[in-house]
Every structure is written in structure tokens, then in C-alpha cells.
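Everything below concerns the one structure shown next.
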Amino acid sequence: MTKLGFLRLSYEKQDTLLKLLILSMAAVLSFSTRLFAVLRFESVIHEFDPYFNYRTTRFLAEEGFYKFHNWFDDRAWYPLGRIIGGTIYPGLMITSAAIYHVLHFFHITIDIRNVCVFLAPLFSSFTTIVTYHLTKELKDAGAGLLAAAMIAVVPGYISRSVAGSYDNEGIAIFCMLLTYYMWIKAVKTGSIYWAAKCALAYFYMVSSWGGYVFLINLIPLHVLVLMLTGRFSHRIYVAYCTVYCLGTILSMQISFVGFQPVLSSEHMAAFGVFGLCQIHAFVDYLRSKLNPQQFEVLFRSVISLVGFVLLTIGALLMLTGKISPWTGRFYSLLDPSYAKNNIPIIASVSEHQPTTWSSYYFDLQLLVFMFPVGLYYCFSNLSDARIFIIMYGVTSMYFSAVMVRLMLVLAPVMCILSGIGVSQVLSTYMKNLDISRQDKKSKKQQDSTYPIKNEVASGMILVMAFFLITYTFHSTWVTSEAYSSPSIVLSARGGDGSRIIFDDFREAYYWLRHNTPEDAKVMSWWDYGYQITAMANRTILVDNNTWNNTHISRVGQAMASTEEKAYEIMRELDVSYVLVIFGGLTGYSSDDINKFLWMVRIGGSTDTGKHIKEHDYYTPTGEFRVDREGSPVLLNCLMYKMCYYRFGQVYTEAKRPLGYDRVRNAEIGNKDFELDVLEEAYTTEHWLVRIYKVKDLDNRGLSRT
């Protein structure tokens with residue numbers, strides 16, 4: 001007996017050790033696969049928004065939380081400025097600053113920039129661990145390990161968590177899955193302890209990302225479905241009431257959120273379900289005290305009265321403005337055409353565009369096919385927790401189709417349900433595999449179809465193993481080629497296969513920092529505002545915060561106008577330098593000419609820009625062209641002239657004419673012109689960034705020198 005007990009304990013230890021080893025390998029893989037950019041380039045911040053996050057984190061680490069919370073940034077949105085503490089989700093910055101100070105406390109000296117660069121890969125490892133525990137609650141440890149391995153390399157999540165991608169989503173996905181895990185534990189146990197931990201995880205989520213609104217609507221929806229399916233119980237009541245009350249109070253401590261949880265339409269579903277919980281509990285109490293006839297009469301009366309009162313109060317609050325309406329971004333989730341028709345500034349952001357079919361396969365690959373299998377398993381074995389994951393999967397699938405950015409929210413549930421699906425398929429077919437010769441003989445005697453079953457099972461397991469291997473290779477390739485290139489440092493392959501580096505952005509920002517006055521104001525399109533402020537340390541007019549559409553529209557009007565009209569706007573805004581991005585020489589397609597129509601649309605969306613009409617920039621046949629057939633309005637606007645100044649004297653390709661644009665594949669139509677109100681200040685090595693100085697009026701204000 002003692003020997004058998006020892007063997008059993010030893011097996012359990014081996015099982016635990018094996019699980020720990022696999023999970024640790026998945027976590028290490030999750031971290032290491034996100035380091036391509038650091039190995040290929042250097043430790044550098046990516047994209048645009050991360051530069052603002054890095055700048056604010058550096059300020060927090062150096063100056064402390066009090067100054068950070070009360071920081072008024074006079075470098076942004078000139079002449080308006082921006083209050084930082086009350087307009088951001090501080091969770092990301094506080095997390096990085098805390099890690100930075102803890103490491104320095106133990107005399108591990110690391111620059112705050114490197115903390116920011118490696119934070120997202122670190123939290124992706126934590127996400128792997130949370131995914132394991134969450135999936136384990138839904139099925140078993142095997143499914144959890146598969147889901148953890150899948151989320152470690154899934155491109156849909158890697159796209160926002162590579163080293164250098166210092167954005168809110170880098171830690172928010174971990175916070176979201178942690179909240180879901182705590183919620184499922186609270187639902188299963190009905191424990192205030194787990195519900196309180198869920199509320200704390202939700203608070204961390206709120207402090208980190210505006211996407212918390214998805215979470216605070218999904219959990220109430222789960223409770224509502226449990227009510228409708230007759231699964232509502234004391235456990236659900238305790239869990240939801242604790243999470244809602246404590247979570248709402250905690251979330252209101254974030255300055256940027258404030259009273260929104262009790263005043264905005266996005267949060268009213270959670271409040272409504274909280275009220276329904278009280279009504280449901282009260283009805284259950286009445287049912288226990290009254291006979292069926294009395295209860296039915298009272299129930300109908302109470303429901304009718306409560307429904308009428310709630311609708312009346314809700315309508316009055318909406319009409320009086322006490323409850324704010326849905327914001328443009330949320331309207332665009334329900335109606336994908338809303339932003340395009342009403343708010344061009346939202347529609348102009350590439351990550352707000354609808355998702356293409358190819359993006360699903362590109363970002364998810366095998367998961368697209370295994371997701372329905374996991375969904376089927378959950379439907380076949382319904383429980384409170386599985387109903388939640390079904391709803392998470394279905395709702396995130398819809399929202400990801402509306403907005404490509406929300407592929408990030410879909411990727412984790414794809415991994416969870418695919419892990420469940422693969423685990424179920426493998427466990428089903430592995431039951432038919434023979435383990436020993438004795439088992440094989442007995443099975444042959446009992447089942448004449450055994451050999452066929454054995455071969456089919458072996459084939460299915462091999463096929464599944466092949467698909468999992470191809471998923472790994474695909475994910476690694478996508479990570480390396482598509483998601484590990486920092487936008488601030490570009491690269492291309494030369495004719496001999498060598499890598500060519502285009503470091504024009506940092507070159508331009510370095511020039512601005514050292515060759516312009518400290519108080520110089522730089523006008524550019526809003527995409528580059530955060531980078532200019534963080535790297536050049538110069539005042540900008542607009543940036544990626546896009547909180548003031550009128551101000552952005554004014555910049556768009558300047559870009560879309562003639563030099564004379566643009567000069568009036570630039571003098572009005574006290575502009576010293578103008579910066580544009582031009583890819584005609586190198587073939588960089590994300591330049592300002594390709595973004596120009598959005599400048600026209602946004603510029604013409606306000607009263608001061610009513611004279612700017614989009615159709616004026618097209619040819620009579622409705623084409624947007626930069627060659628001789630192009631619209632005269634386009635060929636003479638400020639943006640065109642700044643991009644193509646002196647370009648008509650340049651050869652870009654062999655056997656092509658002077659001034660051949662490699663992005664638009666056309667010879668430019670307006671070559672021989674001079675600038676009247678601007679003078680070229682600096683053009684980078686590959687012409688990617690061009691900086692112009694605004695000429696001053698003479699003393700009498702009559703002519704420019």
C-alpha cells in the first residue's frame with residue numbers, strides 16, 4: 001500500500017512538473033518571439049501612440065505621480081495645450097514606472113526606455129499563464145496548455161505586443177483575461193472573495209485601456225442570458241452585485257473615467273442588469289411567500305410598473321442630457337457606415353477600418369477552423385462559464401468584423417475555444433489508439449472495426465499535428481515579416497538581398513531638435529504629432545489624441561489650400577515650420593499624398609472649410625491623379641508643392657522620366673514651380689521627411705522675405 005501510494009504521488013508530481021514545464025516554455029516562447037524588432041534593429045519605440053506613452057512614462061518616473069497627475073503639456077495642441085493627468089488611462093505608465101523603481105531599488109539599473117520596450121512581451125507571458133487558467137476552468141488542463149501555446153504566438157495578439165509596441169493594449173489584454181478568469185471563478189463559487197478580486201482586476205483594466213467598455217457590457221450580458229435561460233442563482237447574484245458595485249466605485253477613481261460609469265450610455269446596460277438582479281431576487285423572495293395565483297398577479301403588476309418607471313426615467317435623463325449619448329466610436333461599432341458619413345476623423349484611422357476576410361486567416365490561421373469546434377463543444381456541454389465564453393466569442397467576432405483594431409479582442413477567445421476544440425479532437429481519437437499488444441488483442445476480439453478505427457485515429461492525430469506545426473511556422477513568419485518593423489525605422493531589401501535601412505524619421509526629428517528655436521511651432525498632419533513632441537521636443541499643433549476636430553480641420557485646410565490661403569492660416573496659428581512625409585522617391589506608400597484626401601475631407605467638415613470640396617481634387621473622370629491629368633486644384637495646393645518641390649529634377653528609376661513618383665507610378669504634372677511663402681529647411685537622405693520654414697512678413701507686413 002505504501003509503495004502504491006508513493007507511485008501515485010510520484011505520478012501526480014510528474015504530471016504537475018510536466019504541466020509547469022510546458023506552461024513555462026509557452027511563456028518564454030511568448031516573450032522571445034516578440035523580440036525580432038530588437039534583434040533586427042535596436043531597442044526602439046514603435047508606431048505613433050507609444051511615443052506619447054513613453055514620454056509621459058519618462059515624466060512620471062522622473063518627476064513623480066503628483067506632478068504627473070497635474071501636468072499641463074504646453075508642447076501639444078498649440079495654442080490650446082493639454083491637461084495630461086485627466087485625459088489618459090494611467091495604468092500603463094504607472095506599471096512601467098513601478099517596475100522601473102523596483103528594479104532600481106534592487107540596484108538593477110535599467111533605462112526607462114528599455115522598460116517600456118520590453119513591457120508588452122513581459123505581459124504577453126503573463127497573458128499566456130492567465131489563458132491556461134481560464135481555459136482550464138472551461139475544460140481541463142490539456143485544453144489550457146494548448147490555448148496557452150496558441151496565444152503565445154497568435155499574430156492577432158502579437159501585432160500589438162511586440163517589443164517596442166508600448167501601447168495600452170500591451171497590458172490591457174492581460175487585464176481583460178484576468179478579469180474574465182476571476183469572473184468565472186466568482187460565478188462558479190458565488191464567493192465575495194473571488195468577486196472582489198474580479199473587481200480589482202477590472203479596476204486595473206479600466207486604468208489601462210478604454211476597451212474596458214466591452215468588458216463591462218459583456219459581463220452584464222452574461223448575467224442577463226443566465227436569467228433568460230433559468231440559470232440565475234444566488235451565486236450569480238452575489239458575484240455580479242459585488243463586481244458591479246465595487247468595480248464601479250473603483251473605476252470612478254480614474255480621472256479620465258470620472259462619473260461616466262453612472263452617466264454615460266455605454267455603462268447603462270450594466271446598471272440595468274444590476275437593477276434586474278434586485279428585481280429577480282425580490283421576485284424569488286415573493287415566490288417563496290405567496291401561492292402561485294397570488295404570485296402571478298403581483299408579478300405582472302410589479303414588472304409592468306417597474307418597466308414603465310425605468311423607461312420614463314431613462315427617457316427623461318436622455319432628453320435632459322444627464323445621461324450622455326453614445327460616442328462616435330461606439331456608434332460606428334453598431335453602424336459601420338456611421339463614422340464614414342458623419343465623423344471623417346474617426347474613419348481616417350486605418351485601425352478603424354472594417355476587417356477583410358484575408359485578415360482573419362493572416363492573423364489567426366488554424367484558429368479560424370478550430371474556433372467552431374470549440375464553440376460546438378461548449379454548446380454541447382453548457383455551463384454558466386461556457387455560456388460566458390460563447391458570448392465572448394460571438395460578440396468579439398462581430399466587433400472584429402466592424403473594426404480591424406478589435407481583432408486584438410478576438411484573438412484570445414479564438415485561442416481559448418480553439419484550444420478546447422483541438423483538445424477535444426485529440427482526446428476523442430487518442431482513445432482509439434492501442435497502448436499495448438494485450439489491449440490490441442482484446443479490442444480486436446471485441447470490435448471487428450478496430451483496425452479501421454485505429455488507422456483513422458492515427459491519421460487524424462497526424463493531420464492535427466501537421467496543422468499545429470504549420471500554425472507555428474505561419475505565426476512566426478507573420479511576426480517576423482509583418483509585425484516586427486518599427487514605423488520610425490524602415491527597411492527594404494536591396495538587389496543583392498542585403499537589408500537597406502531608412503532612418504529618415506529620426507534624422508528629421510534630430511535636426512528639428514538641434515537646429516530650430518526652442519519655442520518653434522511645427523505644423524504636420526496629426527499622425528506625427530506624438531513623435532515630434534517626444535523626439536524633437538518641439539511644440540506641435542495637432543497630435544494623435546484627435547480630441548479637437550476643429551483644430552485638425554484647420555491644419556487640413558492649410559494643407560489643401562493654395563499657398564496664399566495656407567499662409568494666412570499658418571500665420572493665424574503662429575507656425576514656424578511645416579513637416580510633410582513624402583514617399584515618391586523610395587516607394588513608401590504611407591506618405592502624406594496618399595493621406596491627402598482625408599485632409600481634404602476633415603478640412604471641409606467644419607464651417608471654416610466649407611469652401612474645400614473633395615470633388616475639386618479629382619479629375620473630371622473621378623480619379624485622384626498627380627500627373628498632368630490631375631486636377632489643377634490638387635497640383636497647386638500646399639501639400640502637393642511641399643512634397644514635390646525640386647522633385648521634378650530627380651531621377652528615381654532607370655528608363656523613367658524626371659520626377660517619376662514610385663508610389664503613384666506616374667510622372668508628376670507640376671514640376672517647375674517655386675515656393676512663395678515657404679523655404680526648404682531640411683530634406684532627409686531618402687526624401688522621406690521634408691521640413692519647410694514659414695517665411696516672415698517684412699516690417700510693414702507687405703511682402704515676405
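Each Cβ is built from the backbone N, Cα and C atoms, and glycine gets one as well.
Residues Asn381, Asn548 are shown; Swiss-Prot lists N-linked glycosylation site for one of them, Asn548. Going by Swiss-Prot, the topological domain containing Ser265 carries a different name from the one containing Asp384, and the two residues are therefore on opposite sides of the membrane. Record check: Swiss-Prot places Asp167, Glu169 at the Mn(2+) site, and the matching candidate among Asp15, Asp49, Asp363, Asp384 is Asp49.
For the ranges 210-214, 220-224, 525-529, 555-559, the feature annotated in Swiss-Prot as motif 'WWDYG motif' maps to 525-529.
For Asn537 (N-linked glycosylation site), the spatially nearest entry among the binding-site residues Asp49, Asp167, Glu169, Arg405 is Asp49, judged by CA separation.
Using a 10 Å Cα-Cα cut-off around Asn544 (N-linked glycosylation site), the recorded positions Asp49, Glu351, Arg405, Tyr530, Lys595 reduce to Asp49, Tyr530. The transmembrane segment (454-473) makes no contact with the transmembrane segment (301-321): fewer than 3 of their CB pairs lie within 8 A, with pairs spaced 6 or more apart in sequence. With respect to their backbone Cα atoms, Asn548 (N-linked glycosylation site) and Asp167 (Mn(2+) binding site) stand 22 Å from each other. The Cα of Asp49 (Mn(2+) binding site) lies closest to that of Tyr530, out of the recorded positions Arg160, Glu351, Tyr530, Lys595.
Along the motif 'SVSE motif' (348-351), the predicted structure has mean pLDDT 70.
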